[in-house]
Amino acid sequence: MNHADDGLRTSLLASPAPDASALSPHSHSVMSHHHPRLHRRLSRSSWMYPPDGETRRIQVDRQSLQRSRAHLDAPKRLLGQWPSTAICGNDILASVLYSSGIVAVKAGKLTPLAQLLVALVLYLFRSIYEEAVTAVPLNGGSYNVLLNTTSKRVAAVAASLGIISYLTTGVVSGTSAMRYLDTQVDVQVVPTTVLLLFVFALLSIIGIAESATVALVIFVVHVMTLTLLSGFSIYYAVAHPETFWTNLKTEFPDVNVAGDIIKGNVLTGVFFGYSSAMLGITGFETSAQFVEEQAPGVFRKTLRNMWAFATVYNVMLSILSLAVLPLEGPGGIYDDKDVVLATMGKVVAGPWLESWVSIDAFVVLAGGVLTSYVGITGLVRRLAFDRILPAFLTRTNKWRGTNHYIILQFFALQASLVVLLHADATVLAGVFTFAFLGVMALFAFGCILLKLKREDIPRDVHAPWWSCIVGLVMVLLGLMGNLLGDPTIFIYFSLYFIVFVSAMFIMLERVFILRIALYILKHLFPSRGIRNEHGQDIAASDSQAKSTEMARTGAIGGRTITAVLRAIHLSPIVFFLKTPDLSVLNKAILYVRKNEHTHNLRVIHVSEDANFGEESSAEVTDADVRRRSLEREDVEDMREMARVLDLTYPKIKIDFVHVCGSSFDNALIHWLSDELDVPPNMMFVRQPGTKHIHQIAALGVRVITG
C-alpha cells in the first residue's frame, strides 16, 4: 500500500470502534454486533437501503469440516487422455465431413493451402488455450476466463456466443447427418432433421448422457474410416493422376463479396478459402468446456492430439479430394459439396465404401447433436447459477432429474433455425463459423487480459505475446472473410445473438428495469393513502416510523415490485480478505456493486488458530505470542475497515465475519457454503500468487481483483 493509502487508512481507523468483545468466541455459532451509525437508513426506502452491517465470529466445527474434506478428497473417476480426446475429437473430425466441399467452393484448387493456414492458426491457439485454462482450470471456456478477468457483462457476451455455438453445432450436425443418410435412403432433410433433434431432446430428458467409452468407440471407428478412405484415395490418385492435374488447371471460383460477384483469383481463393476453412476446426474449444472432468495434465494432451488429427486429416483429405474428384461438372466437388467424402468413397472403392462412409458420418454427426444437448445444459445451468439467466432453468423434473426447461427450449431454437434456413448447409455452417470464431477471438482476448490483470496467477504455459496477437488478428480476418462472403449469414447470426444477449442483459439489469417500472407506476397509477385531520398520510407515516417491509411505495402494485427487489437484494455475496488492505476491500465492494444485485456483502477473514482471542497455554514461545498479537491487530483493522466502508456505502450492508479454526482451502469453502447458505460461485477472492488458487477455483470461487 502506498503512502497515500496509509494516510487514508490511519485517518479512517482513528474513529471509535465497537468493543472487541464482539469478537468473543462462541461455540459453532456466532455472536453478532451492529456497527454504530453516523446516520440512519430507516428514513429511506427499506428495499433500497439495507440495515446496518454486523460483526460475526464463526468457530469451525472440526467434524463437519472433516466430512467436507473427505467428500472432496474421495476418489473421482477422471477422464484420461484418449477418452477426453475422443469427446472433443469427434466434434473436430466430424467437421471434416461437411467443411471439405464448402472450403472448395471458395478456394478451388487452393483448398489444401487454406487448410494448412488454418492448421498454423490452430497451433497458435494451442498455447493460448493452455495458458488461459491452466490459469483458471474451470469448465466454461471463454465465459469463465472473461468472468475472472472482466465484468459479468463482457462474460455474458462470451456466453451468448457459446450458446449459439452449441445451437449451430446441433443444427449443422443434424442436417449434415441427414444429408449423408440421404445418399443411402431417400429422406426429406428438413422434417427428418427436426425429428432427429427431437429424438435426442427426448433422450436427453430421459437422461442418456454422453459416455466417454461410447465416444471413444465412435472416435476410433471414425478415424479408421477416414484412414481407410485416405488409403483407397491414395491408391486411386496414383492410378489416375490426370484428375489432380486437370483440377490444377481450373479457374478460381467466383466469389460473392457483399452481394457482388467477383471473378476469382489467388487472393480471393486464399482469403475466402481460409475464412471458410475455419469451419474445419470447430470443436477445438470443446475440451475447455469439461476440463474439471479431466485428470491432471490431460487437457494439454487433448489440445495436442486434436491439433494433430485436424491438421493431418483436413490437409490430407483436401489434397486427395482434388486427386479423386473433379472440381467442376456432375459428380464433382462443387456439385456434391455437402457429401464430398461419401462421393470419394464411391469413386475410389465402389458403393460399399460410400455406404460405410455415409453410415459412419451419420453416427458421428448424430453424436454431435447429443454433444450439443449435453454442452448447452451445462452452460445454461452455470449461467443460471451465476444469475445471468433466470433461475427456473435449473429446475429438474421429478421423473429423471434432468433440466427439461433447458432441453425443450433448446430444441425449439434448433428447430426454428432449421426451418428458417431450410437446412441450407452453407448458411448454417456460416452461422456456426461466426459463433465459433467469436469464441476463439474472446479466448485470445481473455488470455491477453490474464497477462495484464492476473499475471500472478500460476499457470503451466505462458503463451508468447506475439502468438496471442497474431492469433487474434487471424481469427478477426476469418470473421471478416465470412462477413464479406455472405452478409445475409451475419443477419441470421445477429438475430439469434441479439435474442440471447438481450435475455442476459435483462437479467443483469433487472433491478434497473424494475425501478423504472416502479417510477412509471407512481406517475400513472399512484396509490391513495388514508390521511388524518392534518393532511398527513397515515399509512406512509406509520410505515416509516415502524420501518416495516410493507411500507407504501406510492404506486398501485408497487409493493409487489419492491418485494421482488428485496428478494433479489437479499442474496449474500462473500469476499475473502487475507490482510487489512483498504484499497483491495474497496475495489471488491465496487466490483460487487457493479456486477451483482445484492445489498449484502460478507467480508470473511480466516484464521487457523481455533483459540483465537483466548489466552492459551499453547502460547509457549515469544513467536506464538507475537503471531497471535499481530493476528488480533489485523482482525481488528479489518473489522474497522468493514465498519467504515459500511458507512461509506449506505446501499450495501457490509458484514465482517471472522472464521477461526481452519486453513483457507477447498474443504473450508465447501463447509462455509453449507454453513452460510452461499453457493461457491457467489464467493469471491483477490488474485492469489500460488497454486492454492487451483484448489479454491475448482469449486467455482471467482477471482475479482488483483
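Every residue gets a Cβ built from N, Cα and C, even glycine.
As recorded in TrEMBL, the features of this protein are as follows:
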| type | residues | note |
| --- | --- | --- |
| COMPBIAS | 11-30 | compositional bias 'Low complexity' |
| REGION | 1-37 | region 'Disordered' |
| TRANSMEM | 154-177 | transmembrane segment |
| TRANSMEM | 189-209 | transmembrane segment |
| TRANSMEM | 215-238 | transmembrane segment |
| TRANSMEM | 306-327 | transmembrane segment |
| TRANSMEM | 361-384 | transmembrane segment |
| TRANSMEM | 405-423 | transmembrane segment |
| TRANSMEM | 429-452 | transmembrane segment |
| TRANSMEM | 464-483 | transmembrane segment |
| TRANSMEM | 489-508 | transmembrane segment |
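Per-stretch counts of Cβ pairs under 8 Å to the transmembrane segment (405-423) identify 489-508 as the leading one among 306-327, 429-452, 464-483, 489-508.
When Cβ-Cβ distances under 8 Å to the transmembrane segment (361-384) are tallied for each of 154-177, 189-209, 306-327, 429-452, 464-483, the top count falls to 154-177.
Contacts between the transmembrane segment (154-177) and the transmembrane segment (464-483): absent, as fewer than 3 C-beta pairs lie under 8 angstroms at sequence separation of six or more.
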